[in-house]
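Annotation comment: TrEMBL describes 22-41, 74-97, 117-135, 142-161, 181-202, 222-243, 276-297 as transmembrane segment.
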Amino acid sequence: MVAWEFCLLVSPFSLQDGGTPAVFWGLVICPLAMIPMYCSLAEVASMSPTAGGQYHWVSELAPPRFQKGLSYSVGWLIAMGWQTFLCGISYEAASLILGLTTLNFPTYNIQAWHETLLTIGIVAFCTFFNIFLAVRLPLVEALVLLLHVAGVFIVIIPLWVMAPRGNAYDTIINFTSSGGWWNDALASTIGMVPTIGLLIGYDCSVHLSEETEDASWTIPQVLLAAVGSNTVMLLAVGITYIFCLGDLDSVLNTSTYQPVIQVLFNTTQNHAGTTIITLVIIIILLSACVGQVATASRQLWSFARDR
């Protein structure tokens, strides 16, 4: 699953409502809030590894008189949540592709329907991959895992070397608001929400339990290892990004509609360099979409199997 990549994409919501401090404190709170939840999921996954995941556990562990209603509700929430998450990541990938197009071809104007069609195309491609090329999924995931780790350095090293540095007070303490809220405290609280939830989706491995050898031992290890390693990468990229952001207003008002592209271009002053770094992010996002189709399909299949 993506973490640091998604931080670069959702951070504009926090930057608009709260500024860089909203991103920073959201990043600090995120692992404190999410890691205990994943420890709990790992524990129940070790007891009952099943593709159904949460709705199955609710059915087993909830008080008897509430089991059926709660399990049914959780099942639908998880099934719809994964499909919604797939559309969200696909949309972000589409937006990055069109943002790159604008960077390299300034006369191009992004249209909303272009984003919609490209999002649908990405979802269709990922569905096609899972139907006809599913046997290649482990190989693709392994290769993209290497790119996911290497991508951290591909992003942060240019920022460390070439980007301007923000001072600690403005970056961590000086909350701002340009989103139209009447109160900076309210705006900042709302702005932290996207970054607090950046470590979502790592329960995807749970829904592949029935295809995993020794799942009661393997799945909890994979779950906690993924969350732990991605927490480190998320903090490294997220904190570097906000300290090397430059002028916030110009970044938020970029013609590419993607602040991360503008930050990378301001740093490298090079279209090719910005394009290559952004393409790394896009490839990882596309791979995540393929994995999300796999997860969503197993979740829905399990729900149907259990009637």
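Note: Cβ is positioned from N, Cα and C throughout, glycine not excepted.
No curator has checked TrEMBL annotations; they are predicted automatically.
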Distant-in-sequence neighbours of the transmembrane segment (74-97), which means Cβ under 8 A and at least six residues beyond its ends: 2, 6, 9, 52-55, 58, 115, 118-119, 121-123, 126, 200-201, 257-258, 260-261, 278, 281-282, 285-286, 288-289, 292-293, 295-296, 299-300, 303
Same-chain residue ranges lying at least 6 outside the transmembrane segment (22-41) that approach it to Cβ under 8 Å: 7, 11, 14-15, 54, 171-172, 175, 188, 191-200, 202-203, 206, 223-224, 227-228, 231, 234-235, 238-239, 241-242
Recorded stretch that, among 117-135, 142-161, 181-202, 276-297, has the most CB pairs under 8 Å to the transmembrane segment (222-243): 142-161
